[in-house]
Amino acid sequence: FYHMDLYGSKERFDIFPEELSNQGDRSLQDMKMEAALSSKKLQRPQEAGYDLEKEVAELAKMYGLDEDREKELELLGGHLEMVESRWLPARTEKAESQGSLYNASKSSSPVKDQSQSTEQQGLPGEASQDEDQSKARAEDETESHMWSREGLSSSGISDEWNSQAVSEEEEAAHVFCSTCKIPIRAFDKLFGDHKDHEVAQLPSAVESEKEEIHKNMCKLEEQIAQMENFASHLEEIFITVEENFGRQEQNFEVHYNDAVQVLAQKYEEQLEALGEEKQQKLEALYKQLVTCGEHLDTCKELTDTTQKLYLENDKANFMKVKSFNWQGLEEFLKKEVKLELSTPPDFKERTIDFSEVEQQMNSINTILAPCAPVINPQAPNAATGTSLRICWGLFSDDTVECYQLCYKPVSNEGHNDEQAEHTLKVKETYCTITNLLPNMQYEFWVSALNASGISPPSEKAVYVTAPSPPTIKSKKIRSCENAALVCWESQDINPVDSYTVELSKLTDEENDDITESIVGIPNCEVLIHLQARQSYRICVRALNLGGSSERSEPVVIHTTGTYFCLNEDTAHPLLAILDDGFTIACDELENPECDLPVYDNSFTRCIGILGSLIPFPGKHYWEVEVEEDTEYRIGVAFENTPRHGYLGANNSSWCMRHIITPSRHKYEFLHSGMTPDIRITVPPRRIGILLDYENCRLSFFNADIAQHLYTFNSHFQHYVHPCFALETPGILRIRSGIAAPPWTAL
């Protein structure tokens, strides 16, 4: 780097000052660090190749592609060869360059030593101590100079190595050749063998390969699922084959036993007939043999007698005997002797009729009649008021062409046999029957049919239709500011299980209705707690095992005040209720105790009527509009107040009475026939009545002028009814469902 003459002179110390020496030390450390970095960079391609191989191996192991190594080798083979072919020559060249630099540094050391000896010879006149010091100093400086030169050389080598590593790194493969299926450099695509090939970015190629592997994995998973399903189906088929074999074997055994039984029966019958024929033949032959023996004995006896006669020598005796026996002999000889067999020895040819056996054998492969189905019990909410849905099942593999469903209504009077049966055929295992009566029980049974016949009927099941909608009794509805008592009646003959009341709060926006339900109501009335000064629409449903009925006709209830109706059953016959339901009138009072028809609960003496019971605790307010010239009684009374007396004349009623005297309008506040002495100067035309259960008060007001008239302080042991009566012809108008005015607060 420097001229060689400079190494032998003192001026070299000016060329390499102390700072440069320190810089050389630092460059040595930098060289070591750069060498380590370069070694790491040399290892990166190998590590990259290793990571790629490991990743592919893990993917192959994860997706079950261990056997498919061709794509892995094809993906990794070219890349690894390129890495090895590119990095091994580079490392060899770098090692050679390092060796040459090292040798050059060593070759410079003799020159340095020679210059040092020349310098020592050029200073003979100095003292030995100065020579020793200068020697030591020169040696130290020479050593530092050598390390600095080596540090500079090493620094240059590391820079060259680093730049070459960076250049090699820049030239690493980052393009994937789709034609050759290997990673390549961009240079090879522009000027190399892959110039005309289709290439793609290496990350995108890896992603596409991964997507392809994922698609193949999904296909394999689908095939695995299909094969598993098919395998399970095959297992089911195996089981079905075994079951079918068992049934066929059992069927064949049954038919075989039947055929053997028929053959045995035929054999026994034919054998019995053959024995009877044998018995008949033997008996006939035996009779013929006995007859032949008897005839033979007679012949022998006649022969002996004839022979004796023939040997008789006395002619007279001969003629006597001859004349005596000759007639019998002639008769015997005249008889025809049958020498033929009475019955032939051969038996009739008997053939067994196998038609029945053949029919049984031919029916082995025919379809058997199905077993009896099983009808399901009624499911909840599976019925309406006029229809039922019936379901059943066949717990066997019998062949069924259709089902025969039969049903009839169940009578509560026990005359089920007299009810008409209905039959229909269906293909499915369910059926919906329509045109039925609401809340009625029906009995169902079902049979299965095929070509061989009909199965036995199933067990009978009882289904019930849903009830018909109840009818709300509008005239019996009572309400107050925080509650309402709703009554209804059922239109069904049979009782229902329970009722459900549905209420919705009426608001300005219909979509904001708040719907609530009260379920499990056993009776035909319910007390509902409501919010004050609101309007509600209320409907009722009836429920049984079959389901819920349709909603009843809705009614609207306003909780602005106490609302009640007039009880017509308690009205006197002369008292009329006008169309609005809240106005009572009486035209004549000539004979209050007339002979008009009366009800058991109606007034007979006082021309009065009771309102509905007010069963709500708290305060209740209503008003009565009266005419100035009408005499009347208004107030409250218990349910058991006497119907043959007057209101206020007993201890079960409290009322305000107005009568007209010649001098003035007189007002009485009666209870048990007693009244305080109170004078009212302004006759009220609109009377307000305030009933306070909690404070045990009954107050009367002149509503027109907000004047308090009188207050009963009495403990009401039971809930009371509003009561009204007329003592002269006139009209009373009742206003209920109104809020209590603020001036009623005492």
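Think of each number as a place in line: the chain as shown, counted from 1.
The backbone N, Cα and C atoms fix where each Cβ goes, glycine too.
All annotation found in TrEMBL is predicted automatically rather than curated by experts.
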Query raised in the report: Which range, 225-256, 257-288, 385-416, 673-704, does TrEMBL list as coiled coil?
Result: 257-288
**Report entry** Taken over the domain 'Fibronectin type-III' (373-469), the model's mean pLDDT
**Finding:** 87
Query raised in the report: Counting each residue once, how many in the domain 'Fibronectin type-III' (373-469) are helix, strand and coil under DSSP?
Result: 3 helix, 42 strand, 52 coil
